[in-house]
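This report refers to the structure that appears directly beneath it.
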Amino acid sequence: MPVSSSTLDIPEHSSVPRHLAIIMDGNGRWATDRFLPRTAGHMRGVQAVRRVVESCGRRGVEFLTLFAFSSENWRRPQEEVSLLMRLFIQTLEKEVGKLQEQGVRLRIVGDIGRFEPRLQELIRDAEESTVHNSTLNLTIAANYGGRWDILQATQRLLAQHPEYAAHPERIDEAALAGYLSMAYAPEPDLFIRTGGEQRISNFLIWQLAYTELYFSPAYWPDFGPRDIDDAFAWYKDRERRFGRTSAQLADKN
Ligand code: FPP
């Protein structure tokens with residue numbers, strides 16, 4: 001069962017989002033602006049990941065989810081895909097110790113079966129070795145797509161409950177949501193996309209139903225604690241109605 005569902009119950013509002021989800025966009029343009037290869041932007045992007053993980057931990061965010069590689073990113077030039085895979089491997093090799101010190105639990109969601117065996121092994125090791133950490137739950141979405149997630153949830157639900165095939169009307173939201181790859185987390189309160197584009201790009205399409213959407217013009221390699229503060233200040237002032245009216249909210253206060 002998911003921790004909560006925005007269409008079934010109304011989560012508490014606090015000044016710091018409990019769950020922050022980010023599309024880290026603009027690495028390529030950051031590099032191109034500097035006459036560097038796009039891959040240099042991804043390398044700088046790893047430094048931004050480090051800064052944002054630390055800064056979310058300090059601010060009391062419980063769940064941070066980063067979109068690192070979409071199901072559609074395989075369409076990029078082979079050289080860029082290979083560099084990204086190497087970066088994931090190097091980052092896992094180098095950073096897991098630091099995550100331990102910071103009390104960060106790491107999970108990877110996505111269809112990781114398509115990654116090379118070494119990367120799959122590192123993912124399993126990193127998840128296992130951080131399993132007891134609880135300061136911050138960091139999820140990296142890799143070879144992830146929101147539609148893939150809904151499909152795999154439906155397939156697993158039916159495989160485990162063949163009786164639903166004869167009574168599809170018995171399938172409700174909670175039943176399906178329990179099989180989504182992030183069923184362990186509440187739905188994101190705040191979504192940030194850097195790099196100036198205003199799209200969801202097949203990220204957590206089920207879970208973003210009532211999430212506040214924030215778009216930053218900053219390229220991901222430039223994104224840091226001050227940008228997080230700006231996004232949180234904006235989030236704090238949002239009126240999250242979850243289908244209710246403003247008058248209903250005023251009555252409640
Ligand atoms: C989008 O920028 C970024 C990506 C597809 C890759 C994200 C990867 C990282 C930040 C580095 C590795 C991360 C981890 C977790 C180890 P883009 O290339 O689409 O930029 P553009 O829109 O300017 O071309």
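Cβ coordinates are placed from backbone N, Cα and C, and glycine is handled just like the others.
Because TrEMBL annotations are produced automatically, they should be read as predictions rather than curated entries.
Annotated features in TrEMBL:
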type	residues	note
ACT_SITE	D25	active site
ACT_SITE	N73	active site, proton acceptor
BINDING	D25, E212	Mg(2+) binding site
BINDING	26-30, R38, H42, 70-72, W74, R76, R193, 199-201	substrate binding site
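Taking the Cβ of E212 (Mg(2+) binding site) as reference, residues of its chain lying under 8 Å away and at least six apart in sequence are, in sequence order, D189, L190, F191, Y235, R238, R240.
A sphere of 10 angstroms centred on the C-beta of I200 (substrate binding site) encloses 15 other C-beta atoms. In the vicinity of ligand 1, defined as a Cβ distance under 6 Å, the following of the binding-site residues G26, H42, S71 are placed: G26, H42. A 10 Å cutoff on Cβ-Cβ distances gives R193 (substrate binding site) a total of 23 other Cβ atoms nearby, all chains included.
Taking the Cβ of G28 (substrate binding site) as reference, residues of its chain lying under 8 Å away and at least six apart in sequence are, in sequence order, R38, G41. The least crowded of the binding-site residues W30, W74, judged by other CB atoms within 10 A of its own CB, is W74. Taking the Cβ of H42 (substrate binding site) as centre and 10 Å as the limit, one finds 23 other Cβ atoms among all the protein chains shown. Considering only the recorded positions S71, N73, the Cβ with the fewest other Cβ atoms within 10 Å is that of N73. Within 10 Å of the C-beta atom of G26 (substrate binding site) sit 25 other C-beta atoms, taking all shown protein chains into account.
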